[in-house]
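To start, the structure itself, in structure tokens.
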Amino acid sequence: MAHHLTILLGLLGIKAGELHGNLKQTDRLLALKRFRDQEIDVLIATDVAARGLDIKADGPRGWTRRNGACRGEIGMIKFVINYTLPSRYTRYVHRVGRTARAGHCGRSISLAAEKEFNMLKEIKKCSRSAMFERVLNKDVVTKYIAKVDRLRPAVKRVMAEEHQQKQMAAMEQSIKAMERRLALPEGGEEGEGGKPERTWFQTDNEIKQKTKARALKGKAKAAVEKAKRKMLAQRIAEDPEEKRIKGQVGAGQRSAKRGSKPKRLTHEDEFEAPTQNSASFLLPIPLTQKPEQSDASSSKNGSVSGPSYQERRDAFEQKNPGRKFNPRKKKK
């Protein structure tokens, strides 16, 4: 939109420049220099120029407040025009803050449509300076809309010419890159975009050599460790006393490891009643088991089990005479 407005103002006879994020840094600085030197009268900018700019010109661009009146003085921006209102009041403050700096006077003009009335109300509510509203005459607006419509084909033509110029510049750059490549001696290499290869980075051969050296270093270290273990085994085999000491040390380590493991709880262990601050607990005995049968039906590891196969078979035959006991058959 900033570029479109710049072209439109140029066709209307107004010297205008543009400042937005799609420009290179050199083009931005050039636009600011032209505006400061009064080569252009209007600078169309996005929020990229809303902060940190204090443009001091060399002509009567600004005003200062003296004795309650505004008088002309060199060095400041006179007007800031908001073509569209921002979405936040803080951005509005930063935009209009490009004028009236360091005690000087300045004015801001905002063009507001129906959709921007809510933001306009917030600006009026938060603003400390006096604000004046003006409704534009419909005849004047219609006149300029018709003029812009007549210039619309010319704007499209200018933008198409600029697009062609960009394509031509890209083709010329690629041709120059090809010429530089052809001018290189045989075996010479060139980096991306037709630029010479950067020599301060590692080449492929240097990376391969470094990786190979790292691998050889790891293999040498592993070989040294293996040789140390082999020498220790030979020394132990030759000296029986050292072998005996090593066996005792290993046995002590294994016994200490076994002793550190928690033991399994059995029904034969004597338990104390848990206190209020104790974290121990008792394992409940199954209800199907009688207390006097706990010793007979216990397994080897001390866990309590139910009645044996023979006991269940005898109980089934007594209850169901003449029927065959089948423990795998599910009850209906």
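Heads up, the Cβ atoms here are built off N, Cα and C, so glycines get one too.
Per TrEMBL, these features apply:
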COMPBIAS  236-245  compositional bias 'Basic and acidic residues'
COMPBIAS  255-264  compositional bias 'Basic residues'
COMPBIAS  294-308  compositional bias 'Low complexity'
COMPBIAS  321-332  compositional bias 'Basic residues'
DOMAIN    1-142  domain 'Helicase C-terminal'
REGION    234-332  region 'Disordered'
SIGNAL    1-17  signal peptide
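Mean predicted confidence for the domain 'Helicase C-terminal' (1-142): the pLDDT average there is 82. Across the compositional bias 'Basic residues' (255-264), DSSP assigns 6 helix, 0 strand, 4 coil. According to DSSP, the domain 'Helicase C-terminal' (1-142) comprises 51 helix, 28 strand, 63 coil.
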